[in-house]
Amino acid sequence: MKGFLLFISILMMIGTIVVGKEGYAMDHEGCKFSCFIRPAGFCDGYCKTHLKASSGYCAWPACYCYGVPDHIKVWDYATNKCGK
């Protein structure tokens, strides 16, 4: 039983490492990429195409992406330069 739990734990860690980071997509000015007036499914396609993410959705009013490679920048409150 302990071996099984260890195996499951290792699989979860591998999944976390392989999946990548997550966050809001940014526009060219460093602001969150708006999905306010976009059609359904837009953010999933945008995240996959432009950020090489595994998926995305509209976390109203901005696109939120999952599985973003580490070298791709996503919006971060600490380094926010939007409107500055």
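Keep in mind that glycine also has a Cβ here, set from the backbone N, Cα and C atoms.
Features reported for this protein in Swiss-Prot:
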type	residues	note
DISULFID	CYS31-CYS82	disulfide bond
DISULFID	CYS35-CYS58	disulfide bond
DISULFID	CYS43-CYS63	disulfide bond
DISULFID	CYS47-CYS65	disulfide bond
DOMAIN	21-83	domain 'LCN-type CS-alpha/beta'
MOD_RES	CYS82	cysteine amide
SIGNAL	1-20	signal peptide
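Where Swiss-Prot records a feature, it is marked here on the structure.
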{"residue": "CYS31", "record": "disulfide bond", "Cβ neighbours (10 Å)": "16"}
{"residue": "CYS35", "record": "disulfide bond", "Cβ neighbours (10 Å)": "21"}
{"residue": "CYS43", "record": "disulfide bond", "Cβ neighbours (10 Å)": "25"}
{"residue": "CYS47", "record": "disulfide bond", "Cβ neighbours (10 Å)": "27"}
{"residue": "CYS58", "record": "disulfide bond", "Cβ neighbours (10 Å)": "19"}
{"residue": "CYS63", "record": "disulfide bond", "Cβ neighbours (10 Å)": "29"}
{"residue": "CYS65", "record": "disulfide bond", "Cβ neighbours (10 Å)": "29"}
{"residue": "CYS82", "record": "disulfide bond", "Cβ neighbours (10 Å)": "11"}
CYS31 (disulfide bond) - helix vs strand vs coil (DSSP): coil
Secondary structure at CYS43 (disulfide bond), reduced by DSSP to three states: helix
Euclidean distance between Cα atoms of CYS82 (disulfide bond) and CYS43 (disulfide bond), Å: 20
Cα-nearest neighbour of CYS31 (disulfide bond) within the listed disulfide-bonded residues, CYS47, CYS58, CYS63, CYS65: CYS63
Tally of residues which DSSP labels helix, strand or coil - the domain 'LCN-type CS-alpha/beta' (21-83): 12 helix, 20 strand, 31 coil
Candidates CYS35, CYS47, CYS82, namely the disulfide-bonded residues, that fall within 10 Å of CYS63 (disulfide bond) by Cα distance: CYS35, CYS47
From disulfide-bonded residues CYS35, CYS47, CYS58, CYS65, the one whose Cα lies nearest CYS82 (disulfide bond): CYS35
Confidence summary for the domain 'LCN-type CS-alpha/beta' (21-83), mean pLDDT rounded: 96
